[in-house]
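This is the feature table in TrEMBL:
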ACT_SITE  Asp31  active site
ACT_SITE  Asp229  active site
DISULFID  Cys44-Cys49  disulfide bond
DOMAIN    15-343  domain 'Peptidase A1'
TRANSMEM  386-408  transmembrane segment
Amino acid sequence: MSMASGVEKLNPKWLPARTFVGAQSFPLTLDTGSSDLWVISNECKSADCSNVARYSQSFSTNLSITQMPFHTDYISGSVSGLVAAETVSLGPYQLISQVFGLANCTEGISFSEEGNSGILGLAFPSEMSIPGMTVLQSIFTALPDPYFTITLGSKLNVNSSSSFTLGQIDDLYANDLSDFFTIPVSKAGANDYTYWKISLLYITINSTRISLSPSSVQGVQHSQIAVLDTGTTLALGPTRDVETFWASLGSAARNDPITGMWQVRCEKAIMVGFALGQEDSYREFVLDPADVSWENGASNNGWCLGGIQANDEVDSGDWLLGDNVYSLYHAANSSNGPWIGLLSITNNASALAAFRQSRGPDLDSSTPPAVQIQSAAVSPEVRYKLLYGTSTLCGFIGGVVLTSLFRARRGLWYAFRKQKQK
């Protein structure tokens, strides 16, 4: 079976939030932290596969199944099946004989709780576990300017919208490539481009700068490495730095001794900024305070889940950052390496006003100054094990956080454009 895929351009500019594999449409998780496409097969009988759309050979248009197995392990959960090829329709593009994984066994992935039927990886080909071309590679061959843009709406904000475009910009957010702040992608810790990695210089909390510990990525100096990963909605960072961050809030933050997760008073408005870029050219991007304090479904006697949590088990980067901005991911060309463009979609004053209207007054308006502290690591018995993929086969580096808790903020339909509800 040939694994080379052809590309045919269809007519519609915007299509509904579905990806077609054969004649079936599926909601998939968009994941810049992995490289493979896989969907759940109707051969899957595990509980994870219940209540979701599953691929059936009776709806095949061009299916070819090999006997080549694929398997990916996660810290909690796994997926396995066979390598196959089929016609995949993605927005205005039809990929002939696109290679993908047909998953017939999953454990601990919890897609049955989310309604998604698989994952569409958008990272670099070097992290692909299934031999052949990635979906992104296939489409990029047909694009004069190979890039995609993405922002995912928030379930905490009913007025937010989601957008995913290929080779063009969504004019709801930007007019031109020059609107974006551009940052070169880093190879840090690897010989090739693996994930969408950029430099993180420091963090601010309520305008107070917090210095970061040295990077754990080999060869990196003067900064840390952030991986932009649409598969996770929490910001995940080194334990030492996360402890410093929450300690700066004094009694307004606490660590749950059972889960090891950080919590914050639900009424506490926190404006957090990440300084991204290079030492001679960087910009601070500020989070919506609702993304730092998760009230929806997570309130516990006035305590909310913190949107920044500790994670020391990723070796390709120091931080995993989600999709709180409108972001552009550009492939390499003859003159430049790959780069990322970022554009803030958060109006700080409006976000703070909306947070205050929703949460009420801050009962403790004082915030201790941020200081660098030395603290002991959380013990193995107490530390919450973050559920992210670590298999080099799949290319997850914190990639898709596979719990309903971590997905609570996002609507993760695969979408070319989900218009703002009127």
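Backbone N, Cα and C define each Cβ position, glycine as well.
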Out of these active-site residues, Asp31, Asp229, which one has the fewest other C-beta atoms within 10 Å of its own C-beta?
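Counting other Cβ atoms within 10 Å of each of the active-site residues Asp31, Asp229 gives the minimum at Asp31.
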State the mean pLDDT for the domain 'Peptidase A1' (15-343).
88
Looking at the recorded positions listed here (Cys44, Cys49, Asp229), whose Cα lies nearest to that of Asp31 (active site)?
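Nearest in space to Asp31 (active site), counting only the recorded positions, is Asp229.
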Let me know how many other Cβ atoms fall within 10 Å of the Cβ of Cys44 (disulfide bond).
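Its Cβ has 23 other Cβ atoms within 10 Å.
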Going along the chain, which residues six or more apart from Cys49 (disulfide bond) have their CB under 8 A from its CB?
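Once residues fewer than 6 apart are set aside, Cys49 (disulfide bond) is near Ile40, Thr106, Phe111, Ser112.
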Which whole-number value in Å describes the distance between the Cα atoms of Cys44 (disulfide bond) and Asp229 (active site)?
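Approximately 27 Å lies between the Cα of Cys44 (disulfide bond) and that of Asp229 (active site).
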